[in-house]
Every structure is written in structure tokens, then in C-alpha cells.
Amino acid sequence: MVLMMDIKIMSAFSILFLSLMVSNEFLEFLANTVYAAILFIIILFFYQNRQHFFTTSSSSKDSLTSTTTTTTTTSITSSLIQQQQEKEQQQQLEQQQQQQSIKLITKEITIENDSEKNTSTTTSIITKEQSPGSVRLIQNYSASQQSELTNTTIKQLQQKNQELQEQINNQIEKSRKDQLKYFNSNNKSQSEIKEQIEKIIKLTEKNDDLLNSIVILNSTIDGNRIKMQEITKDRDSIYSSEQKLLSRLTAFEKKEKEYQDNEKQLQKKLSDQKDQYSTLKKEFDEKVKKSNKLENSIQSLESQIQKLLQKQEKEKQKLEKDKERERSSSFSSDISSSSTTSTTASTFLSSSPSKSIPIPIPIKTSNAISDLKRNNSNDSVNGLIGNGNSSVSPPSSSYLRESSDDSDNQSSSSPSEPKFKSLFNKVKSESSKIVNKAQKGINKHLGSDFFTPANTTTSTTTTTSTTSTSTTTPITSASATAAAISSSSIITSPTTNTTNDILSSSSSSSSSSSSLLTTNAILSPPVGNEQQMEVINDKTEVNQSPVKPLIFFDDLGNDKLLDSTTEEQIQSKMTISPRDKDRILIDKEQSLSDLFINSKENISNISVSNLDNFLKTNNNNNKNNIEESNNNNNNNNNNNNNNNNNNNNNNNNNKNDNKEVNSKLEFSIKDEENKIGLRRAKKKLSPGCSTMMEDVSIAIYPFLKEKKLSNCSNIGLFGVFDGHAGRGAADSASKLFPKEIEKLLESGNYSLTEQDDGGDNNHNQSKLLNDLFSNVDNKMKDHEYEGCTATLALIWSDGEEQQQQQQRYLQVGNVGDSSAFLCRGNESIELTFDHKANDPSEKQRIKDQGIPVSDNQTRINGVAVSRSLGNHFIKEQNIGMISTPHISNRYLLTPQDKFVIIASDGLWDVINGKDAIEKVSSLYDQGATADSMASCLLETAIQSSLCKDNVTVIIVKL
């Protein structure tokens with residue numbers, strides 16, 4: 001471990017040293033230290049030999065030499081000090097100057113030596129002893145030659161020498177200080193170097209740890225990649241399921257839209273039905289008022305009849321009293337009188353109030369109710385009267401009186417009966433006529449089977465009224481009088497004890513179609529000592545067989561006309577077909593039974609099936625009428641179209657003969673952000689964008705008119721660009737395409753005209769569009785995460801514009817799913833191919849490139865298209881997205897070619913190309929403008945619930 005640490009320290013130190021050696025600052029530092037060392041050596045040299053250079057016995061000449069040497073040393077020291085602060089270039093110059101100064105000094109010394117040799121009278125011997133670091137100059141002067149001048153000069157020189165020594169001492173101190181600073185800085189640098197070495201050691205340890213962690217991270221990254229692949233597979237499966245759910249959702253939204261449309265139609269029809277109902281209600285109310293008036297008149301007649309019957313009964317009682325008197329007077333024959341009294345007692349009871357016996361009331365009934373129930377009891381008078389617990393026996397045949405028996409007594413009432421009968425029959429016939437008219441009117445408006453004959457007998461409502469009266473008071477009712485009019489015999493009805501027997505007897509009697517009112521008057525036996533009589537009027541409603549109960553329209557203003565059961569029944573019958581040209585819409589209408597549920601009366605006799613059948617028959621009749629009118633219109637249109645086609649054929653023949661085509665183009669662009677659809681799709685703003693409108697379009701006509709290209713004119717350039725992840729890429733593409741195609745056409749390497757040498761001009765134009773798309777995509781490298789689809793249409797004419805005979809051509813290139821269609825005659829020609837990631841051919845292309853693709857994959861890195869401009873981040877990953885366009889054939893335009901539709905996928909998600917061509921061609925035949933045609937397609941897209949994207953439409957009329 002120690003060796004490893006030493007090796008690491010040495011390696012770190014060597015690396016640091018090499019790095020310092022390489023740096024320019026370190027080289028300058030080394031140069032400065034070398035110069036400082038040289039200067040220090042020179043100063044030490046002169047300092048050690050100062051006694052030899054500076055002596056008092058030296059001559060002036062020697063002093064001059066010493067001064068020169070000192071000056072040279074001072075200059076050298078000063079120059080060296082300055083050299084430490086300058087750079088390498090200045091140091092080289094100073095070295096050259098030093099060398100030159102040394103040469104000059106040596107020259108001066110030689111010159112002085114020559115002068116001394118010439119001037120000296122006495123010989124002076126200069127000896128040089130070379131010793132390490134010292135030079136001795138021995139001068140021998142003669143004492144005789146010293147003079148005062150020399151002494152003065154020597155003094156001056158000594159002073160100068162002292163000054164120079166002081167300067168040298170100062171410089172030496174400065175150099176010492178500099179050395180101290182250098183020493184301190186060197187120590188600091190060494191300490192820093194040690195710290196750096198320690199840091200390097202720590203960093204190496206950390207580096208080892210990082211290497212280990214990198215290895216671990218690489219292994220984790222590999223695992224994460226595997227997991228990522230699995231997650232992508234799961235994501236693709238989830239996205240496929242999401243697409244399925246979205247398709248279902250779109251289907252449901254289609255159904256919802258159709259349901260809403262049907263609901264609007266139903267509301268309109270319901271409002272019409274309400275208007276009809278209101279008119280019918282008014283008519284019905286008027287007829288009800290008339291019937292009420294008739295009933296009032298009938299009641300008044302019944303009251304008059306009741307009075308007449310009361311008078312008749314009084315007369316009958318008088319006649320009976322007279323007969324009793326006659327019978328009592330005839331006492332001659334006792335046997336006959338006893339038999340007659342017994343029979344009269346059995347037929348007519350005594351009217352004395354002391355006996356408390358009820359008097360049977362003579363009641364006229366119809367022949368239809370002559371068969372009454374009879375109880376097996378005695379025919380005695382006690383059986384008729386009985387007590388409260390005994391049952392009353394029915395009357396025998398002796399109780400019945402024929403009309404011939406009382407012909408003399410009823411002479412007063414017989415003439416009045418036919419009058420009332422005829423009057424009542426008139427009232428009945430008039431009321432039946434009114435009711436029948438009402439039924440016919442309602443059946444005329446609502447259907448022939450609305451009022452159906454009742455299968456069962458009408459239910460009778462019984463009302464009981466108990467009155468305690470005396471036996472002498474005659475008890476009758478209005479209904480009894482009405483029955484008496486239509487009857488021809490008088491019977492006495494038996495009495496019962498309980499109300500249940502009364503109800504059972506009343507319910508057993510059925511009403512015939514001829515009789516309107518029937519009644520049974522029933523007498524109750526006495527209770528206690530007082531005589532009480534209970535009268536129950538069983539009054540049957542006026543109700544003929546085809547008549548239903550009264551219908552009340554009071555709740556027509558309410559919105560809630562359906563209860564839950566009927567609404568479920570109607571919804572179960574509703575079927576909504578998918579979006580199709582030949583779809584059958586079943587209108588959901590509220591039946592009349594639904595309108596009558598909240599009414600005040602019970603309308604159980606009205607069946608829902610009858611009403612549904614009625615509505616269906618009406619709808620079928622309306623549909624048949626509409627179909628007949630449409631067929632007539634279609635026949636007329638077909639005739640007009642045939643005439644137009646004949647004219648067009650003639651014109652086409654003429655145009656084909658002349659080979660002339662209208663060179664002017666009419667076009668229109670319509671676009672919409674479609675915020676509702678985007679909100680429906682839950683889309684949000686892209687980061688950095690202020691709008692959600694990502695569609696951009698161009699329409700340039702005439703294009704390059706000023707350039708005057710050879711053999712080419714009337715060029716039109718039309719394009720739609722649908723951006724994703726923002727509209728930046730679409731904006732760039734819309735600006736780059738016109739510039740790039742202009743460059744390519746001006747280069748001379750591409751041509752749009754026919755070739756006479758047998759070349760393939762279609763291939764030439766395909767090469768033009770391929771290079772155009774590739775150049776634009778290469779200039780969109782900065783759009784890494786943004787992209788767009790592109791659909792570009794070129795329309796041009798061959799030859800110059802002044803030529804009369806010109807042929808026009810059309811060619812389209814696209815990437816993505818913005819489509820274009822050509823309308824030729826009444827047919828649609830698709831000019832583009834949708835490059836979607838879920839397309840089988842695109843999946844096969846990606847597989848052929850060696851890229852794995854799952855069957856459920858519908859997107860490439862979240863993008864729905866497999867070819868686009870931009871998206872260079874995805875393209876660099878090489879996962880299947882390219883920018884190679886689909887190029888259509890070159891189409892020679894003929895007079896049958898009407899227009900071209902270019903639109904983004906927001907339109908094609910709602911309507912297919914064939915339906916769009918059919919929708920717009922009808923407007924084209926009517927002479928509509930391109931603007932109105934584009935507006936029509938835009939509105940159909942935006943109003944659909946399937947539209948969840950921006951919509952851009954270009955119409956080019958050819």
C-alpha cells in the first residue's frame with residue numbers, strides 16, 4: 001500500500017511538474033530566477049574583491065580603470081534588475097546591449113593603457129594574478145612623479161567610489177529583500193504544491209470511486225434500457241388501446257351529434273304537434289261546450305219528465321183508491337171480494353202511515369233489463385214487507401201490469417210520451433253526430449286508428465245517496481225518467497239489505513249501444529219503527545263505444561312530458577346509424593301518450609303502440625313525400641346536368657381541337673383555430689407559443705412571373721403545413737419553399753417543360769420536388785423538437801404566356817397526413833399519401849431499415865406521422881422518421897378538371913375525399929366562388945364533433 005501511495009504521489013508530482021513546465025508563466029519564472037542568480041554571483045564577486053579594486057595607493061589611471069569597472073558593474077546590476085521585470089524579448093535586447101557595453105569598456109581600457117605607456121616617464125609594471133574569484137593589480141609608482149593634481153583627482157575618484165559603493169550596497173539590500181521575497185514565495189509555492197499533490201491524491205481516489213460508480217451506472221443503464229424497451233412496448237399497447245377508445249369515443253360523439261340533430265328535428269316537429277294540439281284542443285273545447293249545453297238541456301228535460309211522472313203517479317194512486325172503494329162496496333160476493341182483496345194486497349200495498357209499510361213505486365224499465373234476479377222466497381205480503389233481516393222476494397207475474405190494463409187510466413200521459421221520446425232521440429242523435437265529428441277531426445289530424453272501439457264494457461260509477469223519507473213520498477231520479485221514456489212496461493224492483501248487493505246488481509247490467517242512461521231504483525226495508533228508504537242511482541256515463549275519455553291539454557306547456565318508462569321505451573326503439581351517405585335516421589318523436597301522462601284524467605285506454613304506429617306512418621308518409629320531391633328535383637337536375645354535359649362535351653371537343661385551356665386560377669384559403677375541438681381533444685398550448693393555431697398555408701399565383709423562365713409560365717404554388725409541438729417549423733417551411741424552388745429553377749438544372757429528346761420529364765420534376773423537400777429539411781436543422789407536415793401543389797403552363805395554345809400540368813408532393821384531391825368530372829383523384837406511423841406500408845418500410853416495429857405501434861416517439869420536416873432530434877436517433885416526400889404523377893389538366901382541394905388533417909378526420917368532392921362539386925356546378933366552396937368545407941369540419949384539430953382548406957378552381 002505504501003509503495004502504491006508513493007507511486008501515486010510521484011506520478012501526481014510529475015504530472016504537476018510537467019504541467020508547470022509547459023505553461024508560459026513557469027518559463028518566465030525560470031528565466032527570471034536564472035538572471036537573478038547570475039546577478040547575485042556577480043555582486044558577490046565584486047564584493048569579495050573590493051579591497052583589490054579600491055586602494056589608496058592606486059594611481060589616477062588605475063582609479064579611472066576602477067571607476068570604469070564600477071560603472072560597468074553598476075550598469076550591469078541595474079540592467080539585470082530591470083531585466084527581471086521585462087519579458088523575454090526585452091531580455092534578449094538587453095543582453096545584446098550588455099555585450100556591446102562590455103566591448104566598449106574593453107576598448108576604453110586598452111586605450112587608457114596605451115596612453116599610460118606613452119605618458120609615463122617611469123615604467124609601471126602591471127601584473128595580473130589569476131586566482132579563483134580574484135584579480136590583483138600591482139602598480140609601482142615612483143614617488144617622484146606624484147603630484148598634487150593626482151592627489152586631488154584621487155580624492156574625487158574616491159568620493160565617487162564611495163557613492164558607487166553606497167549605491168551598490170543599496171542594490172545589494174534590495175536584492176536581499178528580493179531574495180527573501182522569492183524565498184517566501186518559493187516556500188508558499190512549495191506548500192501549495194504539496195496541497196495540490198494532496199488534492200490530486202484525493203482526486204485520484206475519487207476518480208477510482210467514480211470509475212467504479214460509472215461501471216455500476218453502466219450496468220444500471222443497461223437494465224434501464226431493457227426496462228425502457230418494455231415500457232415503450234407497454235406504452236404502445238396503451239396507446240393502441242387509447243386509440244381504440246378514442247375511435248369508440250368518436251363513434252359515440254357521432255351518435256351524440258346525430259342524436260342532437262334528431263333532437264332538434266324532434267323539437268321542431270314537437271312544436272308543430274303542439275300547435276296542432278292547441279288547435280285541436282280549441283276545437284275539442286268548443287265541442288265539449290256544445291255537449292255540455294246539450295247535457296244541460298237533457299237535464300232540464302229530465303226534470304220536466306220527472307214532474308210529469310210525479311203527476312202520473314198521483315193520478316194512479318187516486319185510481320187505486322177509487323178501485324178499492326169500488327171493491328169494498330161490492331160486498332155481494334165474498335169469495336170473489338176476498339180473492340180480489342188478496343190480489344190487490346199482493347199487488348198494491350196499503351198507503352196508511354200507521355202500518356209503516358213501504359209503497360212500491362211503479363217504474364218503467366226497458367225491455368233489455370226485463371230478466372232480473374229472483375230469489376227463492378214466498379209470494380206473500382209478509383215476504384214483501386218482512387223485517388230488517390229478512391230478504392225481499394222478487395215480484396211474481398201478478399205484480400206486472402200490461403199497458404192494456406190501464407189504458408183508460410193512462411190516457412192523460414200517453415200523448416206526452418212520444419213527444420219526449422222523439423225529442424230525446426233527436427238530442428241523442430245530435431250528440432252522437434257531434435261526437436262523431438270530433439272523432440273524425442281528431443282521426444284526420446292524429447291518425448285513422450287513434451279512437452279504437454272498446455273491447456270491454458264501460459265501467460259504471462255508482463254514487464249512493466241515503467235519504468230518510470216517508471212512505472207516501474214517491475222516489476224517482478232523472479235517470480229513471482230517461483229510462484221510463486224508452487220502456488214499455490212497469491216493474492217493481494226488489495229491495496236489498498246491503499250496498500254490496502246493490503253494486504253487484506248494478507255492475508251486472510250492461511249498457512247497450514242504443515241506450516244512454518239506465519237506472520235501478522231500489523227500496524230498502526224499514527229499520528226500527530221508522531220507515532226509511534234508500535235510493536241508489538246507478539248512473540252510467542255517456543260513452544259510446546268509439547269514444548275515449550276526455551283528454552286534457554293543460555300540461556302542454558311543461559317541458560317534462562315523458563316519464564321514465566315511456567322514455568326508456570322510446571330510447572330502446574331509437575337506433576343511430578354511423579356517419580354514412582346512405583344512413584337512415586329514425587326520428588325520435590314524443591308520442592301522444594307521452595303528452596297525456598301528466599293530464600288530469602286517467603287515459604289508460606290510449607295505447608303507446610297505436611301512437612307509435614301512427615307516428616311511424618306519418619313519418620313514412622312524410623319521407624315518401626320528401627323522397628318523391630327529391631326524386632323530381634333529381635330528375636330535373638339530371639336533365640339539366642345532361643344538358644350541361646352535352647354543352648360541356650361540345651365545349652370540350654372544341655377545346656381539345658384547339659388545345660386551349662383557361663390559364664387563370666381562382667383560389668381561396670380558409671382556416672380556423674377550432675378552439676372547441678381542441679378543448680374537446682384536451683390539447684394545451686405548446687411552451688413558448690401564444691396560440692394553438694399550428695397550421696400555416698401559402699398560395700402564390702402567379703409565381704416567378706418577373707423571372708420569365710424559358711418555356712414555362714403561369715406557375716402557381718400552393719401549400720399547407722400542419723405543425724406539431726408548435727408552429728415554428730410550419731412557419732419556417734412556408735418561407736423556405738418559395739425561396740428554394742426559385743433557386744432550383746434559376747440554376748438551370750431543373751425544368752418544368754416537356755422534353756423533345758424522349759427524356760422522362762416526370763422523373764425530372766420528381767427530382768425537382770425531392771431536392772426541394774431535402775433542401776428545405778436541411779435548412780430546418782435548428783428545429784430539433786418541432787416538426788410539420790407539408791403538402792405542396794405545383795400548377796404550370798408550358799410555353800410562354802403570350803402563346804395561345806398552352807397545356808397546363810399539376811403535380812403534388814407531400815410528407816405527413818395533409819391530403820390533396822383533384823375533382824375530374826364527378827370523380828375524386830387522390831394526389832397524396834398519408835404517411836402515418838400506423839400505416840402498414842410505412843411499418844414495412846421501417847422494418848426494411850432494420851428497425852423493430854411492434855404491431856400495435858401507432859406513433860414514432862409520440863409523433864403520429866412517419867414523415868415530416870424538422871424533428872431532427874427524432875431523425876438523428878434513426879427510429880424510422882424521414883423527410884422523403886411522396887410525389888404524385890404529373891397530370892395534364894383538361895376541361896373536365898374542376899378544382900383541387902388541399903387541406904390539413906382537421907378536415908379529413910371528419911369527411912373523406914370522395915364526400916368532400918361531391919359536396920363541393922354541387923356548389924361548383926351552381927357557379928359558386930372558391931371562397932364559398934372553402935367556407936362550406938370549413939363549416940362542415942368545425943360543426944362536427946369529430947373535429948379535434950385546427951382546420952385549413954385551400955380551394956383552387958382550375
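Each residue, glycine too, has its Cβ placed from N, Cα and C.
Swiss-Prot lists 2-22 (among others) with the feature transmembrane segment.
Taken from Swiss-Prot, the feature transmembrane segment covers 26-46 (among others).
Residues or ranges marked as coiled coil by Swiss-Prot: 142-330 (among others).
Residues annotated as compositional bias 'Basic and acidic residues' in Swiss-Prot: 312-328.
The feature region 'Disordered' is assigned by Swiss-Prot to 312-361 (among others).
Under the heading compositional bias 'Low complexity', Swiss-Prot lists 329-361 (among others).
Per Swiss-Prot, region 'Disordered' is recorded for 380-421 (among others).
If you look up Swiss-Prot, you'll see 390-401 (among others) marked as compositional bias 'Low complexity'.
According to Swiss-Prot, the feature region 'Disordered' maps to 445-475 (among others).
The compositional bias 'Low complexity' annotation in Swiss-Prot covers 452-475 (among others).
Positions annotated as compositional bias 'Low complexity' by Swiss-Prot: 491-515 (among others).
Per Swiss-Prot, the feature region 'Disordered' maps to 491-525 (among others).
Annotated coiled coil per Swiss-Prot: 613-666 (among others), in sequence order, evidence recorded as sequence analysis.
Residues or ranges marked as compositional bias 'Low complexity' in Swiss-Prot: 619-655 (among others).
According to Swiss-Prot, the region 'Disordered' annotation covers 619-659 (among others).
What Swiss-Prot records for 675-958 is domain 'PPM-type phosphatase'.
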Residues of the compositional bias 'Basic and acidic residues' (312-328) by DSSP state, where helix covers H, G and I: 17 helix, 0 strand, 0 coil
Integer Å distance between the CA atoms belonging to ASP722 (Mn(2+) 1 binding site) and ASP905 (Mn(2+) 2 binding site): 8
Largest tally of Cβ atoms lying within 10 Å of a Cβ, found at which of the binding-site residues ASP722, ASP949: ASP722
Packing count at GLY723 (Mn(2+) 1 binding site) (other Cβ atoms within 10 Å of its Cβ): 29
Neighbour count (Cβ, 10 Å) for ASP905 (Mn(2+) 2 binding site): 24
8 Å Cβ shell about ASP722, ASP905, ASP949 centroid, Mn(2+) 2 site members excluded: ASP695, THR789, ASP817, SER818, SER904, GLY906, ASP909, ASN950, VAL951
Structural state of ASP905 (Mn(2+) 2 binding site), classified by DSSP into three states: helix
